[in-house]
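Asker: First, the structure itself, so that you have it in front of you.
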Amino acid sequence: MPSSAGQRPWGWLAAGRASRRLVLVVVFVALLLDNMLLTVVVPIVPTFLYTTEYHGTNSSGAPAQAPLAAPASNAPPPSFVFYSDTTTVTSLGSRGTVGSGTRSSLPPQLPPSSPPPGSCLEGEEFLAEENVRVGLLFASKALVQLVVNPPVGLLTNRIGYHIPMFIGFTIMFLSTVMFAFSGTYTLLFIARALQGIGSSFSSVAGLGMLASVYTDDSERGNAMGIALGGLALGVLIGAPFGSVMYEFVGKSSPFLVLALLALLDGALQLCILQPSKISPESSKGTPVSTLLRDPYILTAAGALCFSNMGVAMLEPTLPIWMMQTMCSPKWQLGLAFLPASISYLIGTNLFGILANKMGRWLCSLIGMAVVGISLLCVPLAKTIYGLIGPNAGLGFAIGMVDSSVMPLMGYLVDLRHTSIYGNVYAIADVAFCVGFAIGPSTGGAVVRALGFPWLMIIIGATNIAYAPLCWYLRSPPAKEEKIAILSQECAMQTKSYTPQKTLQDLPLPDGSDVEAEDME
């Protein structure tokens, strides 16, 4: 009995390493963590920088005004001292000895008109500059991931997926802890860039591992859908989770929770995966340079890029715009993205099935048009409730585009190139990263120069103008090599049937001769 009890953990470990479902769980948690960390900072960073930098600089000037107000308020009542920081009151204070009873009734009438603007954030110049800085901070993750993705792809081809997957976990954990304890813009920028490196290792190695474990095409599609559900779930709960935790618990609390989630994923990797295993890939697909010259693949990648660029521009600019125009508290800044996240989760699951029946090109075309219309409607909102409809339409439309274009890119490789999918999905990931790199970095600059409504008009009109290009994906032609292979397969099938017809004709006379000889 003791020997069997001692062998049970090792037997479970061996069974876990051979289980495809547990590998799927590891990839699901890794994508969930990556995208929760991607969106949890959206409502936190703008308000955190405003609180630490703007109020920090202004609080140093506040004590200098206090001693100046004290000598000017010797004769009037104490109520006059409270309002002595305004210019109109100080002019009254110079003559406060004459008719102090009549003059003191004027200052209390000023505060009723000052609270409405006072409830919104002050410092419009600082907020305009913060749009650019926050946009660059958010874009740093995608820019770093864009650079690191190709070397990680080559690394996985040489040493396999296990070691890069564990490296991604380690870097992601360090980035999460650094976010929790960073108090300056520079440290937050480094943590965000570090997240891009860890995300590149986790996503490339994780999806490649799933593709190698699930060899059947239908099973692989289902597994990829479940794993991408972790991506959608992370986007869904990241921003609301961050805003609520930041408002009621503190800035470090959401990142510490994500750090515990990262430790859980690392423990699963140590128990289930084999980080010391090196298994290079032997098969080689079509080079990336060849795929990038394919106009149909570029069209599909452009649809991914521009549709996701809209929400990428909203992430750094919408919270600041809400702080300026709606006077929104911190907990509402993340909840504004909740309709988009829920509708994205619905759209990806719904059109993953319907896109094949309707036509993936048609779903992509309609999705990009709806993305553009939703973005045009965002500046029309006056309260947070007015953002529900545009954000819900935006998330649902992006779900239509993503769930249609991702399988379409695999179909284009099957139709026009070698049926190895690593490089084409690397291009899809690069298109996604380009959208999230250009969007936040340029969005902040456009808001500073033209304003938030013009930013939405520009990116919305871009999506609407790009949508008709998806029509060219309706019936892409096959390459000549593929046509030759298909024609050879058809010829082999006709040859296999022609002998059967002759055999059906010849046995009759042969059988009749044998029967005739037997009769004789």
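Any Cβ shown, glycine's included, is placed from N, Cα and C.
Sequence annotations record features per position, and here TrEMBL assigns transmembrane segment to 21-45, 166-191, 197-214, 226-249, 296-314, 334-354, 361-381, 393-413, 420-439, 451-473. Look at TrEMBL and you will find 23-478 tagged as domain 'Major facilitator superfamily (MFS) profile'. Residues or ranges marked as region 'Disordered' by TrEMBL: 92-120, 501-520. What TrEMBL records for 92-107 is compositional bias 'Low complexity'. Sequence annotations record features per position, and here TrEMBL assigns compositional bias 'Pro residues' to 108-118.
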Asker: If you count every Cβ pair below 8 Å, which range out of 197-214, 361-381, 451-473 shares the most with the transmembrane segment (296-314)?
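Answerer: Checked against 197-214, 361-381, 451-473; highest Cβ contact count belongs to 451-473.
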Asker: Mind checking which residues of the chain, 6+ beyond the ends of the transmembrane segment (393-413), have their Cβ under 8 Å from one of its Cβ atoms?
Answerer: 221, 232, 285-286, 291, 294, 296-297, 300-301, 303-304, 307-308, 310-311, 314, 339-352, 355-356, 360-361, 363-364, 366-371, 373-375, 377-378, 419-421, 424-425, 427-428, 473, 476
Asker: Report, as numbers and ranges, which residues of the same chain sit near the transmembrane segment (451-473): CB under 8 Å and 6 or more residues beyond its ends.
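Answerer: For the transmembrane segment (451-473), the list is 295-296, 299-300, 302-303, 306-307, 309-310, 313, 317-318, 321, 360-362, 364-366, 368-369, 371-376, 378-379, 408, 439, 443.
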Asker: Kindly state the mean pLDDT of the domain 'Major facilitator superfamily (MFS) profile' (23-478) in the predicted structure.
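Answerer: Here the predicted model's pLDDT, averaged over the domain 'Major facilitator superfamily (MFS) profile' (23-478), is 77.
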Asker: Against the transmembrane segment (226-249), which of these stretches has the most C-beta pairs under 8 Å: 197-214, 361-381, 420-439?
Answerer: 197-214
